[in-house]
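**Q** Pasting the feature list from Swiss-Prot:
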- Cys12, Cys15, Cys34, Cys37: Zn(2+) binding site (BINDING)
- Pro116, Thr117, Gly118, Ser119, Gly120, Lys121, Thr122, Leu123: ATP binding site (BINDING)
- 1-53: domain 'ClpX-type ZB' (DOMAIN)
Amino acid sequence: MAKYDEKKQLKCSFCGKTQEQVKRLIAGPGVYICDECIDLCSEIIADEFQETVDFDPKSVPKPNEIKEYLDSYVIGQERAKKSLAVAVYNHYKRINTNKEDIDVELSKSNILLLGPTGSGKTLLAQTLARFLNVPFAIADATTLTEAGYVGEDVENILLKLIQNADYDVEKAERGIIYIDEIDKIARKSENPSITRDVSGEGVQQALLKILEGTVASVPPQGGRKHPHQEFIQINTSNILFICGGAFDGVDKIIENRTRKSSMGFGAQIQAKHEKDVGSLLKEIMPADLLKFGLIPEFVGRLPILVTLESLDKEALIQILTKPKNALVKQYKKLFELDDVKLEFDEKSLIAIAEEAISRQTGARGLRAIIEDIMNEIMYEIPSDNRITNVIITEEAIKEKKQPRIERVEEGKIRPTLVKARTKKDIESA
């Protein structure tokens, strides 16, 4: 009997649960571990291993695999996703090939994304980096100035990438840098300026070397260089640079060029506004970028031109509901954590999309529109435990009325929606 009591009191050395409270208890020299703690340890190790797995250039995902992943997060832009998938595949294939002793050296191909505000340029670059599991950094071209002037040096872009790679320079040298608002560093006129343009042409000149591939000296703490500090040496030859911008006004340059080429006898007569901006951007040529204000050397280092289209109403509705990180899914989850069910009726989604189009903000403006409606109700829910359902209606969007709210009877509280879930439940959600 004493032996039975002793066995009954055996406990897990990690969580303290007794043998009766768990399925299995495994003994070691003076210690015990239960099946639940083993499962938990396995999950922790698996998660950490997943986070630390480095990208192997030898196992580059195929273009269709890259596009399939982009489809999960980015709605529409089929042409842009295919172009990006092929460009990224070729870039990392080049890294692997150039390591070997071959007769042909493959040149670097950076990417220029052109598209209206809110069309998904930044999201495409972020999603690519996440899929490839490579370090990623975003820089704003408007903050950059030529060396010696107030503002950020171009080397600070590389520092962000090194920091995101946990100062592993070798890992950073296979990363992706996205430079946003690149159209804002266009020079003020097509002709070279006599006066110094430190935030336009000067920045383009400063970016040339790192875009092409060079060993750059980066100050580890950022800021300006001075002769008494040590530098981090990083080779930019294998860093993929993706530059993006709205390029407002370049459509008129394209339109003027195409109109001139179609003049003369037998030319087809087109309505003045027959083509939208997205259709015109598809016809862009390097010469149009030169007229816009980019210098020839800069355009030459961005040989792959990828254009994005303006998002129409149907695309915006899909963006609200379809992707894994869709805004509607995010807000439903936030409400569920407070045991409240959130619904959007079909007309409300149409109204949100129409409002985003009228604001000319594209997908970027969707969150701001929803947040305006949600703010008041999200303030009330935590302190009103009778609210069970919230329905967002068309009137809530267009007329700024309060969403339709359903409550339980006086004296009762709402039932719990959130239940304890296993890791399997979370993964399948």
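Keep in mind that glycine also has a Cβ here, set from the backbone N, Cα and C atoms.
Show me how these features fit into the structure around them.
**A** Within the same chain, residues at least six positions away from Cys12 (Zn(2+) binding site) with a Cβ under 8 Å of its Cβ are Val22, Leu25, Tyr32, Ile33, Cys34, Glu36, Cys37.
For the recorded site, Gly120 (ATP binding site), the DSSP three-state label reads coil.
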**Q** Measuring Cα to Cα, tell me the gap between Pro116 (ATP binding site) and Cys15 (Zn(2+) binding site) in whole angstrom.
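**A** Cα-Cα, rounded: 55 Å.
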**Q** How many other Cβ atoms are found within 10 Å of the Cβ atom of Cys37 (Zn(2+) binding site), counting all protein chains shown?
**A** 18
**Q** Sort out the sequence-distant neighbours of Leu123 (ATP binding site) for me: same chain, 6+ apart, CB within less than 8 Å of its CB, listed by position.
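**A** Non-local contacts for Leu123 (ATP binding site): Tyr73, Val74, Ala363.
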**Q** Give me the Cα-Cα distance between Cys15 (Zn(2+) binding site) and Thr122 (ATP binding site), rounded to a whole Å.
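**A** Cα of Cys15 (Zn(2+) binding site) to Cα of Thr122 (ATP binding site) measures 45 Å after rounding.
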